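S.K.: Here it is, the structure, as structure tokens.
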Amino acid sequence: MKTKFIFITGGVLSSLGKGLAAASVGALLKARGLKVTIQKLDPYINVDPGTMNPFQHGEVYVTDDGAETDLDLGHYERYLAEPMSQKNNYTSGSIYHRVITKERRGDYLGGTVQVIPHVTDEIKNAVLSLAEDDPDVALIEIGGTVGDIEGLPFLEAIRQLRGDLGKDRCLYIHLTLVPYLRAAGEHKTKPTQHSVKELRSIGIQPDIILCRCEEAITADLKRKIALFCNVDQDAVFSAVDVKNIYEVPLRFYEEGFDQKIAIMLRLPAKNPNLEPWETLVDTCAHPQGRVTIGIVGKYVDLKEAYKSLHEALVHGGVANKVAVDLKYVNSEEITEENVAEALKGLDGILVPGGFGYRGVEGKILTIRYARENRVPFFGICLGMQCAVIEFARNVMGLEDANSEEFNELSKNKVIYLMTEWFDHRRQAVERRDSSSDKGGTMRLGSYPCVVVPDTKAHDAYGVKHIDERHRHRFEFNKAYFDAMAQSGMVFSGLSPDGELVEIVELPDHPWFLGCQFHPEFKSNPMQPHPLFREFIRAAKTHPAGKR
């Protein structure tokens, strides 16, 4: 079967949940036995989100091949349990970069380079590249909102693709808002009508309309939307607000959403096996206990900055049959005077990754509190580096211990800038210095790690060799390896050549572990990551009330 393409657009306003909708449809089609992939096309001019402020963009999601991508790729991987790659996320910046590179190389033979056909052709090439892996279905999410000027080339490209591929291989789904006005006591369809009108003016007639709403819309409203938007009544579906995002595939299935897609694209009509999803949702709905985890960072005002962390902690809760309540703590506000009060009642503390000095001292105070008060602690990326700094200062007595990132004049730079390493394929040496560009210049992607036996890390993984995803410029300074080991720090994960420290832990603590990589990027609800599973287990076993 030739690959079928499903294009998902959004209207009225942003943040309606196109990524979750795409991931949920993908999960349903995969449950039917189909091979599925998903792509995100982002209209912004940045080449990738790697240098974007988390407060503006949210989390940067890293794939195995080192691509810095939109957080929606995290949804795709978690719902499909399939790895994404660079080809699953393109931006206007990356598309234009390709076009300009070709123009400079002379590929256009002196022709005038224009949005149509050159930019739109490059977008189409990006979409069609998904077919190289022979999926049965490829879902393509168009970022932004219909009507945004920067999204026009992408909409024009997917309009052309229906003509290129044929109607039997393309399907357009439009996600829109149907607000409920409590004062009037009714849903309003006018925003949807105008959104579809805008889409049709571009040349795209949606085949299915998905209505984001607080409560399911009635049959009468579906008839009205179908009439004004020129679709079949049975092609109008509700996307109702849910308490747990993992309910969405089940809600779509109850609506017959995947069945309609299968009929319209003439896909094999095998009934989906949704038992794993039903079990997952039931486990979340009926926990056998609760734990409270504090996430101490500086991006806490935008929860999307820690999206994969949030989900990985939920997965850890599922593995332990407990609900995970999250408390976000701003590390910039933590002082020696208030640290105990700020962290009171937490069953576990997690210090996530980040960049820059702002908020770091609050993280270090947090880690000292967790170490001294035997609170289960998990440090990720910068969180691990801060744990090393805290240990050097307060256990080894190196009062000026710091990271080269924060204080280049420190005499004890226990964390320093990596200047040379193999790429994630181990095929080439990467070299950087302090003057290198910021974008795409970190140690990125999946790298192997050797886990030391008889450690908490090995107890969690159960194997010696693992692969985890990285996103960092700074690394543990091996000059302090022996001194720290003699002071009680255990280096439980190393690169295969032994040169890079990947995991640290304290053996005389209920659970104190830091890792240089980002394990949250490899967790999904059906297979919770081992470190998150064990972290939540420790929080459950050593709750605040028993310490």
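Each residue, glycine too, has its Cβ placed from N, Cα and C.
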S.K.: Asp148, Ile149, Glu150, Lys188, Thr189, Lys190, Pro191, Thr192, Gln193, Lys224 bind CTP in Swiss-Prot, but which of Ser14, Ser15, Ser403, Ser410 does that record place at the same site?
M.R.: Ser14
S.K.: Would you identify which residue of Asp70, Asp72, Asp107 Swiss-Prot lists as part of the ATP site it also attributes to Ser15, Leu16, Gly17, Lys18, Gly19, Leu20?
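M.R.: That ATP site, as Swiss-Prot gives it, pairs Ser15, Leu16, Gly17, Lys18, Gly19, Leu20 with Asp72.
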S.K.: Which of these, Arg251, Arg266, Arg473, Arg533, does Swiss-Prot say binds L-glutamine at the same site as Gly354, Leu382, Gly383, Met384, Gln385, Glu405?
M.R.: Arg473
S.K.: Within 8 Å of the centroid of the Cβ atoms of Gly354, Leu382, Gly383, Met384, Gln385, Glu405, Arg473, which other residues of that chain place their own Cβ, given that this set defines the recorded L-glutamine site?
M.R.: Gly353, Phe355, Cys381, Cys386, Ser403, Ile415, His472, Phe474
S.K.: Please list residues from the chain of Met384 (L-glutamine binding site) whose Cβ is under 8 angstroms from its Cβ, counting only those at least six apart in sequence.
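M.R.: Sequence-distant Cβ neighbours: Ile503, Val504, Gly514, Cys515, Gln516.
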S.K.: Out of Ile149, Gly383, His518, which of these recorded positions is nearest Gly17 (ATP binding site) by C-alpha distance?
M.R.: Ile149
S.K.: Return only the integer: C-alpha distance in Å from Gly383 (L-glutamine binding site) to Gln193 (UTP binding site).
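M.R.: With distance taken Cα to Cα, Gln193 (UTP binding site) is 48 Å from Gly383 (L-glutamine binding site).
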S.K.: Can you tell me the CA-to-CA distance separating Thr192 (CTP binding site) and Leu16 (ATP binding site), as a whole number of Å?
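M.R.: Thr192 (CTP binding site) and Leu16 (ATP binding site) have their Cα atoms 13 Å apart.
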